[in-house]
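Asks: Dumping the structure here so I can ask a few things about it.
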Amino acid sequence: QQLLTLQGSLHSLTLSGFSVSRCPACFFNLMNLFCELTCSPRQSLFVNGTQFTNDTAANKTNVVEVQYYIGTITPHPLTIPTSPDVPVSGMIPMNNKTYGCTEGLEDGSGPCSCQDCSQACGPQPVPPPLLPPWTILVIFSIKKTPIFYLTVNSFPHLSLCVTVDASCGETLGERFESSLRSLFARWGSFCVRQPLVVILGSLAVVATCSGGLVYMKITTDPVELWSSPSSQARQEKDYFDSHFGPFFRAEQLIITTTLQSESVYSPNPAGADVPFGAPLDKDVLHQVLDLQTDIENIVASYGDQKVTLKDICLAPLAPFNDNCTILSVLNYFQNSHEQLDRSVGDEFYVYADYHTHFLYCVSAPASLNDTNKLHDPCLGTYGGPVFPWLVLGGYDATNYNNATALVITFPVNNYHNDSINLGKALAWEKEFIVFLKNYSNPNLTISFNSERSIEDEINRESESDLSTVVVSYAIMFVYISLALGHIHSFRRVLVDSKISLGIAGIVIVLSSVACSLGIFSYAGIPLTLIVIEVIPFLVLAVGVDNIFIVVQTYQRDERMPQEELHQQIGRILGDVAPSMLLSSFSETVAFFLGALSTMPAVRTFSLFAGLAVFIDFLLQISCFISLLGLDAKRQEGNRLDIVCCVKLPVGQEERTDGFLFHFFKKVYAPFILKEWVRPIVVSADIGLDQKLSMPDDSYVLDYFKNLSEYLHTGPPVYFVVEDGHDYLSLEGQNSVCGGVGCSNNSLVQQVYAASLISNYTTIGFNPSSWLDDYFDWVKPQSSCCRYYNSSGAFCNASGNTHTPFTLFFLLLTDLTLYLPLTWSLWSCSGHAAYSSAVVLKGNDTSVGATYFMTYHTILKDSPDFIDAMKMARVLADNITSAMGHNVFPYSVFYVFYEQYLTIVYDTVFQLGVSLAAIFAVTTVLLGFELWSGVLVSITIAMILVNMFGVMWLWDISLNAVSLVNLVMSCGISVEFCSHIVRAFSISVKSTRVERAEEALAHMGSSVFSGITLTKFGGILILALSKSQIFQIFYFRMYLAMVLLGATHGLIFLPVLLSYAGMHRVISQLGKSPSSKLAMEHRLNF
């Protein structure tokens, strides 16, 4: 009976996380103590009988109670009451030699490892102190700077318009400007004279390019969207998947109860009371088990096949044990109502029931015998342990009995390049979601998530928001169609309206998008949802602005004497096309340079956007100009818009300016540039929270909430040792293992040390180590066994501790592949735990890649996930340095969050490259005006800085979606700025203020009506979206983009030009008859 008790005690110790055989000193002390107490020839010296009974029938005396006198020894891990080392009551205490866990034995065994003996660890690691926060001092001023006083006020007698000889650069700039004007004027004249040729040619080009849409592919795989194939996380994921298989799919439930069923368990015959949380009430557990069983019985259809959980679940011991892995507290009771109801007692007391079994199993989850009166196993039906931190939630410290939530996880096999089996898994998951949505139990509150849930909800969100997007675009289309017309009188409303021209302009914008998508589809580049959602908005903003500029310039222009229509429109195009080229080409170059990004979503957006903007410009200066000529002829012929065959009688109509043009020319521009107004004018978290990608009414939101509130364990993390490490040498083994004789800087030891400061490292637990379990298996002292290959019979481990290298791979193969399949009572892990952790190669003669698994601590938001990945990589780098062999960490979320490690650098790079491109193009296309390029770049940089301010104030995080929007805002800002600056540059007025006023009056109304008003109505509709992504990353950012662009382009920039714009100086070259405009001269401040 004593031997059975000892066996149960040792078994319990082993399964609770401490293997006595791993620590030689502890093993020696415990065995020596037990042998002395049970069979020492000197027992009479330290064992004293204190209570006896007489058996008169057998004429014997029975010993009822004895006292052991033991000297001061404390064999780890058991602490035994001791007596002084001096004789007591005539007894001499047993005082055999013991060893501390930091001491080696006489047989040469080394001291215990750090994991088994805290004294052997040395100083406990201490996390470094947190860095102090940055303090940023911002100084604002609304006063004019001294340099502006000097420039504007100090020399009132100095004329701002003088005649000097032009420099070489100025001459080149004027000739470049004149060449552009002449080229565009001739081209515009041709388009009006030959509309059929131009329109049919444009249609042929559009049709050819759009034909690529037949080959269009849309990428919805999040990995392809956010992770570059060359990124570290992507390469590590590919390595892990190719060697160990893809990470399993997880179907998870978090269950709480509405019942106030907390209870207190009082052990019998003695023991302290133990409180039990409400979900651990037996009635609640029975209801949860019914739910779990119903889920196991779900049947889905895939084609003509029926799919059950057993067809797709993770069953590590199949085919010998085909039970699915179910991580549930009910698995402590073998998923059985009968086991849950079992109890042992008499008419007075219950000595053991589900309470005692639960308390035992949470301390020894791999036990096959809980050693109390039930003697039930804790090991799950699938053949592996069920760790309490994975199936319970809402407890404090390790008091699992206080749990306020139950967690059930169904791991499902994932399939790499196997569409049929993946389809079966998706079909079952769909039925799983439907079942839980319809499940009702007044006593249970259930939040759940399936592997497909997020993608399903995003798709549902996109479909539900389709109507919102359609309404948004419809409002913009209607506005464009109506606002282009300049109505002189009610009588001519259908003549002067330009609905058909507006619709044609919109079709041209959409055609440019289709051409861009088609061309890249020909090239095999897949689209993303960001491209589909964002690029039409971008191109509409850019294209509509140019359409308004062309049409409104024509409407305000008066035909010169003897000038024909084609000559007038050609002249107008010569005036405005350089400005259109400036904005479009700046945006195109900026976007194409943005394609240098390593982030797939940003790179794809930049490519498609750059090409779409440039094609839109080409179609506008060709097809749209031809359509404008046709519309002008219709209007001059008094024919109705749309119904061209109907003609109004000729009448005298007074020509008037449009309301916006009149307002900007007579009211707004003079006001904003008044002397007292101008001085007044001069004056983010990182990551994408998963919850933001869900609709407001999504069931997944409850799951995310409970995930943060109840769970104590984060995602698993694998430390992967790449192929090539030498496991045959002692040095190679010691650099990895965590037992006796292993290096203090070994992989297992470093991960263990990191788990001691989990609040800093986010490593929550000691890693599972196949190598240490293998060594335990082959040790003579181990409770595990080996078996004969010939007969399959088992034998007790024997022989030397160090296994000969010739047997290493044979035994390792047995450990990871066969042993637990034929002997289910094996407790030292094996196939269930390590079947995929060790890659054997060369006919099982060498070890390839391996991994060592642990868990992160609970991760609640994006900063937590980012820090977890960062700390795991730091730890892996330290391990790599110590081992001299490459080790990397892998967790399923790394591939999505790696972008945030470099998101700040990527943002600075993308925006910096875009600004540099805008500066270069603006400088060249403004006739090499360097200072004008600087002013445009400064204004756009200010818009971007303000965008970051809005992001902070409006809780918009920095991620790939917001980065795409920032790149787009950089492009749209060009539209707000470049037209004003060019109009200022070519103005012939004498002072800066007059030139700024003229530029604002002529271009301001077109910019305001073409971008601001067009977008404003459409953006407001996005606020009604159910999608949080639309509300935050599109409505908020688009609204900020338009308002900041308008305020900077129409308020700040004209005032800045009135202060710091280039002086207007007429050169000798500019006075020649061949030059229509005066040459500009640049003066330094």
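Quick reminder: no glycine exception, Cβ is built from N, Cα and C everywhere.
Just so you know, TrEMBL annotations never went through curation; they're auto-generated.
OK, TrEMBL features for this one:
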- 465-630: domain 'SSD' (DOMAIN)
- 466-487: transmembrane segment (TRANSMEM)
- 499-523: transmembrane segment (TRANSMEM)
- 529-551: transmembrane segment (TRANSMEM)
- 572-593: transmembrane segment (TRANSMEM)
- 605-630: transmembrane segment (TRANSMEM)
- 879-897: transmembrane segment (TRANSMEM)
- 909-928: transmembrane segment (TRANSMEM)
- 935-954: transmembrane segment (TRANSMEM)
- 960-978: transmembrane segment (TRANSMEM)
- 999-1025: transmembrane segment (TRANSMEM)
- 1037-1062: transmembrane segment (TRANSMEM)
Asks: Under 8 Å, at least three CB pairs between the transmembrane segment (1037-1062) and the transmembrane segment (879-897) (pairs 6 or more apart)?
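Replies: Checked: the transmembrane segment (1037-1062) vs the transmembrane segment (879-897), no contact.
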Asks: I need to check the long-range neighbours of the transmembrane segment (960-978): which residues 6 or more away from its ends have a CB within less than 8 Å of a CB in the stretch?
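Replies: Sequence-remote neighbours of the transmembrane segment (960-978) are 225-226, 530, 534, 537-538, 541-542, 545, 579, 582-583, 586-587, 590-591, 594, 599, 601-602, 605-606, 609, 613, 684, 688, 899, 903, 906-907, 910-911, 914-915, 918, 922, 936, 939-940, 943-944, 947, 951, 1007, 1010-1011, 1029, 1033-1034, 1037-1038, 1041-1042, 1044-1046, 1048-1050, 1053.
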Asks: So what's near the transmembrane segment (605-630) in sequence-distant terms, Cβ-Cβ under 8 Å and 6+ beyond its ends?
Replies: 184, 187-188, 191-192, 194-195, 198-199, 201-202, 206, 209, 501, 504-505, 508-509, 511-513, 515-517, 519-520, 525, 527-528, 530-531, 534-535, 538-539, 542-543, 546-547, 550-551, 554, 565-566, 569, 573, 577, 580-581, 584-585, 587-595, 597, 964, 967-968, 971
Asks: Near the transmembrane segment (572-593), which residues from the same chain, at least 6 beyond its ends, have a CB less than 8 A from one of its CBs?
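Replies: Apart from its flanks, the transmembrane segment (572-593) reaches 177, 180-185, 187-188, 542, 545-546, 549-550, 553-554, 557, 606-607, 609-611, 613-614, 616-617, 620-621, 625, 913-918, 920-922, 925-926, 967, 970-971, 974-975, 978-979, 982-983, 1003.
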Asks: Cβ under 8 Å, sequence separation of at least 6 from the ends of the transmembrane segment (909-928): give me the contacting residues as numbers and ranges.
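Replies: Sequence-remote neighbours of the transmembrane segment (909-928) are 169-170, 172-174, 176-177, 180, 578, 581-582, 585-586, 589-591, 593-594, 596-597, 602, 934, 936-937, 940-941, 944, 963, 966-967, 970-971, 974, 978, 981-982, 985, 1080.
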Asks: Is the transmembrane segment (529-551) packed against any residues at least 6 beyond its ends, judged by a Cβ distance under 8 Å, and which are they?
Replies: 218, 220, 225, 462, 469, 473, 476, 480, 483-484, 498, 501-502, 505-506, 508-510, 512-513, 516-517, 572-573, 576, 579-580, 583-584, 587, 601, 604-605, 608-609, 612-613, 616-617, 620, 624-625, 628, 960-961, 964-965, 968, 971-972, 975, 979, 1003, 1006-1007, 1009-1011, 1014-1015, 1034, 1038
